[in-house]
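Novice: When I checked Swiss-Prot for this same protein, it listed these features:
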BINDING   R37, E38, D42, R150, R151, G152, H153, T154, E174  D-ribulose 5-phosphate binding site
BINDING   E38, H153  Mg(2+) 2 binding site
BINDING   E38  Mg(2+) 1 binding site
SITE      H136  site 'Essential for catalytic activity'
SITE      E174  site 'Essential for catalytic activity'
Amino acid sequence: MNQSLLAPYGNAIERVNAALTALRQGKGVLVVDDEDRENEGDLIYSAETLTNEQMALLIRECSGIVCLCLTDERIEQLQLPPMVSDNNSQYGTAFTVSIEAKQGVTTGVSAADRVTTIKTAIADNAKPDDLARPGHVYPLRARPGGVLERRGHTEGTVDLMKLAGLKPYGVLCEVTLVDGTMARLPEIIEFGQQHDMPVLTIEDIVAYRTTQ
């Protein structure tokens, strides 16, 4: 990772602390993974504080595949099976079946409908029957060990929510450029400056968890 581009945001610990502060304030953060992995940047929000306006930004500025990062416990509570029985995707991203709230939505596609689905899925008393399958929100199952077990955006998202003292559920989507290609670190930093969002890396979260 090009640390010189990240230098204005401080060191790894300072970058994580800035992200935790932003999340506690209901703001978004931008997380970039390793250059030798996906080398992509994701816009991440707390599922707990997510607003319709934030969802609209995710849909407008990102890939459109809005994912809900969940813990093992929540996946089991909702009885969400894996999307496929044999996951042979390059990075083992643990998609479950997609979901839709049964109540309070129309087609499920709008920003408001997707937020309703997410809030339904993370409610304390959520039940499997609260959700229809398939739908327009894509749950991801985070590994229990977080980024120390798998250096992915899914685990980084759940780790950040836990460290921020929020419900351990987050929403992510990959940032894309106008031409549809994926945004890399320089573009992610520019996006963060435009939207007043902190930028950090999966490597930063690993460093934070191993030193704090």
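Each Cβ is built from the backbone N, Cα and C atoms, and glycine gets one as well.
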Novice: Give the sequence-ordered list of residues that share a chain with D42 (D-ribulose 5-phosphate binding site), lie 6 or more positions from it, and have CB atoms under 8 Å from its CB.
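Specialist: Looking at Cβ-Cβ distances below 8 Å from D42 (D-ribulose 5-phosphate binding site), excluding near sequence neighbours, one finds L30, V31, V32, C62, H153, T157, L172, C173, E174, V175.
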Novice: May I ask for the distance between H136 (site 'Essential for catalytic activity') and R151 (D-ribulose 5-phosphate binding site), taken between their Cα atoms and rounded to an integer number of Å?
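Specialist: Pair distance, Cα basis, whole Å: 26 Å.
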Novice: Which state, by DSSP, holds R151 (D-ribulose 5-phosphate binding site): helix, strand or coil?
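Specialist: R151 (D-ribulose 5-phosphate binding site) sits in coil per DSSP, no helix or strand.
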Novice: If you draw a 10 Å sphere on the Cβ of E174 (D-ribulose 5-phosphate binding site), how many other Cβ atoms land inside?
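Specialist: Result for E174 (D-ribulose 5-phosphate binding site): 19 other Cβ atoms within 10 Å.
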Novice: Let me check the 10 A CB neighbour count of R151 (D-ribulose 5-phosphate binding site). How many other CB atoms are there?
Specialist: 18
Novice: For the recorded positions listed here, H136, H153, which shows the highest count of neighbouring CB atoms within 10 A?
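Specialist: Of H136, H153, the one with the most crowded Cβ is H153.
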